[in-house]
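Comments concern the structure below.
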Amino acid sequence: MRKIFDFHGGIHPPENKQQSLGEPIRDAGIPAQLVVPLSQHIGAPSSPIVAVGDRVLKGQVIAEAAGFVSVPQHAPSSGTVAAIEERPIPHPSGFHALCIVIDCDGRDEWLPHRGLENYEGESPSDLLEHIREAGIAGMGGAGFPSAVKLKEKPGASIDTLIINGTECEPYITADDALMREHAAEIVAGAEILRHIVGPKNTLIGVEDNKPEGIAALQAAAEGTGIEIVVFPTKYPSGGEKQLIEILTGRQVPSGGLPADVGVVCQNVGTAVAVYDAIVHGRPLISRITTITGEAVSRPGNYRVLLGSPMQHLLDLAGFDPARNQRLVMGGPMMGFTLTDSAVPVVKTTNCLLAPSAEELPAPPPAQACIRCGLCAEACPASLLPQQLFWFARGKEYDKLEEHNLFDCIECGACSWACPSHIPLVQYYRASKADILQQRRDHEKSEQSRIRFEARQERLAREEAEKEAKRLARKKAAELRAQQQAAESGDDSGAEVDPIQAAIERAKAKKAAQQQAAGGESEQDKLEKAVASTRKRLDTASAKLEQARAEGSDLIDALQSGVDKTRAKLEAAEKALAEHLASQDNPPPASEPAVAKPRSAAEIAIAKAKAARAAEADLSPQEKARKQLDSLRQRLDKSEQRLAQSREAGEDEKIVEALAATVQRLKEKISALESEAEKVESP
Amino acid sequence: MALLRVTSPHAHGPASTQKVMQQVLLATVPGVIALIHFFGFGVLVNIAWAALLALAFESLALKLRGRELGFYLKDCSALVTAVLLGVALPPYSPWWLIAVGMASAILLAKHLYGGLGYNPFNPAMVGYVVLLISFPVQMTTWEAPRGVGEVPGLLDALRACFTPASFDGTTAATPLDVLKQNNSLLLENLWAAEPVFGRWAGIGWEWANIAFLAGGLWLLYRRIFTWHAPLAFLAVLALMAALFYDGGSSASGGSPLFHLLSGATMFGAFFIVTDPVTSAVSVRGRLVYGALAGLLVYLIRVWGNYPDAVAFAVLIMNFAAPFIDHYTQPRTYGHRKPAKRREES
Ligand code: SF4
Ligand code: SF4
């Protein structure tokens, strides 16, 4: 028997799991329409590669991963792409986001696919690529791209692979059902993961309230060396950090990753998805979702195509809207409410909870905190929730950070336990958002200061360089003149000049090309800006119209939005016109250079060619500077992206990942800068 | 379909502040019955009158502060304060004494600081100490317990409380008093000479303490509070008593058992030291808080000016609670050191 550790705190809310375990997993069938959000994971949204009207087959890639922390999306069934547009997606803030809408043809026709015959012969990195291409993102809740999580971290040696079958949230039984009915696939998936990670121990952790699932797993794992570890039921033992502590006694350092203590964690659902991807070549297009709560008459677990509207599931489960007062995606402790039953099932939808009003009554008004400490007793992170509450109310952000607010996992145990019904977690969420906002503002001003200074410095340096070069040229010319004077009549001297001149000419030409290419893209950009602004104006106007028709009270806001967009459009058009005017009489040198390239690809190729050609002529310093410039551009872009995602309130992990990118770029830049300085001032 | 938009968690545990307070009230019943048995209905009159006043003062304060009466009265915290003060006061106290005490407790100690949860000092103990300092004679005159003197009936008790004429029951020094005054007799002889002593401590007192212990254990079982503060309190008190017992000489401070079962020891341990609002918050903090309170009780009982010391000890510790909190923050998951020490190193 493996030694099991306890974690601090925890609660024992009523489990309410039996309701959805009465029947085996049922198939939810093919809805008329599937709505596949481009962002079902943490990281950059995927970019669509199909167009409206395209016929797609089940399993066909319809959107590609955009960057490292991203995954592709696949068509969950065959049909026709009906739209690529913003739709409401399941998100705590009720966001709309870009989705690919597929009208299903009901034929469910697969794209031909094949698994790997012998995955053990494949290298871990190839397998990871397969996992990534199958669109697999953590199915336990957060939805972090699995391939990223499994990728070896330099300097971290993983000795324990944990498959999380804990499912500690009340009501949810999706993983339980999976363990009962698909234990063999879980174990097979775990073996593949083990092959990739190469740990000493592979553990599947399950709470002791799932005896059937445990028995099935134990039978399936017989002889594989994979251990099924059973531990007492306590919420939130399924939290990654808590599970790691239970199974290994180690705590993930604050702000760190499981890999820092030699652990990688994956959910049982993810293990099955990995198995499907590697052995059968099937991408992640469906999942098990629990539908439960007193407002449905046939609760249970369903195998659901991703993108199925929640309403489809509710209909299947016999939903009674009269009894319902809220819809929760996830469990009662950490799930969030949906404001629209049309939102689709996504990779992280483990449960759809439709409780009746009596079942989960609206929270009673909060009373005063009596400092009873029940919250601190319940907190799995060993925080002092009552103190945090006190500071949060007083907006004492320093104190909050000092008391480790950011180690709060928002599990809700404190709120659950609080006899005064204080919505503690709500305070922490709000405070975290405020603090992040503050940091961001500070960072922004700091960054613009740094950028400004760097720019000033760069300009000065460039000026100095130019001056130096001019001097050098002058000197060289003088020298040459002297030489010529000295060796007048000598042929060799005369021969140098034409070559030199030819080189000069070539250089000039290349420079001109470059400029032309640049000019082209400038125009392109402006045109694009005009087009997109026009589009925005159109949608805004349409919305306004609709609001007017409905007599909504948003009219004013929308009107001002429309006005603003119109102003922007005018500005963009003006900029374009000005640019075109300046292009009408371009510098003569650029004429012969490039025939006007038509497609974006041609432009890009031309640009790249020109850039490479130009680079070949550059001195090491110039090259370095060039590199620096491009890095700076990338930095700007990443910063913008970061700011956007922060504004959009995207998941913390994305923001963190982006922030890390920005940080890395900054480091690179400063390294390059210091190197460049060394070169320049010997 | 209008869907409710609320943030997680959506489920809530069964606990409620009202229930907590009600259980505390319930847990005082054995102790109160024991007190009534030994000291007569004066105890009950104390409590009833205090409760009436508590509701009145609480309503007044809420009204003045513009709060909703029904919602705040429901938390029962004023009643708890009333019962605690009613138990702590000598039985057969005049009505005005109780009124002054309750006014100090509810208006001064509680609402002046912002109401339940914001009061740094235990309201009942503030009321008690205000009275002890202002009216030392009334506050130190205790009725002789059943078995030592006659116990008055309900009518006498009411008369004692509400008629201006002072009450002339049999009074007797409390065992703690007697021990304090003693400077010549060995404890053994003192025990034989003074009728107030019973088997382990004072007659009546020992059983009242045991009854409060029972109520406290029930609260522990109900998980209304944790064992840390009361156990530390009792353990340190007993330890100090054992250290300074010196075999029962005339200078002895009394045996550990005597201290555990005398005066307000058990009442204090389970109903005062455990007051969550005014004590330390973390587990370690509560250990420290309870231990220091136990130490102070012994010091004041044996070397101080007052025979019993729970109220003073607790108020002093109320002062210290924020500091204790500051230095006893728990170590957060994933951190190597508690927040405070991390910052200092
Ligand atoms: S559980 Fe609620 S009332 Fe008790 S200390 Fe925590 S926040 Fe205060
Ligand atoms: S929500 Fe945060 S503070 Fe509350 S119990 Fe969970 S980790 Fe602790």
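Heads up, the Cβ atoms here are built off N, Cα and C, so glycines get one too.
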Can you say which of B:185-202, B:203-220, B:257-274 is given as transmembrane segment in TrEMBL?
B:257-274
Contact call for the transmembrane segment (B:286-303) and the transmembrane segment (B:227-245): at least 3 Cβ pairs under 8 Å, seq gap 6+:
yes
State the non-local partners of the transmembrane segment (B:125-142) in its own chain: residues 6+ outside its ends, Cβ under 8 Å from one of its Cβ atoms.
39, 81, 85, 88-91, 93-94, 97, 100-105, 108-109, 171-174, 177, 272, 306-307, 310-312, 314-315, 318
Ranking B:69-89, B:227-245, B:257-274 by the number of C-beta pairs under 8 Å to the transmembrane segment (B:309-327), which range is first?
B:257-274
Contact set, same chain, for the transmembrane segment (B:257-274): CB under 8 Å, 6 or more residues outside the stretch:
24, 27-28, 31, 84, 87-88, 122, 124-125, 174-176, 179, 200-202, 205-206, 208-210, 212-213, 215-217, 219-220, 224-225, 229-230, 233-234, 237-238, 240-241, 289-290, 293, 297-298, 301, 307-311, 313-314, 317
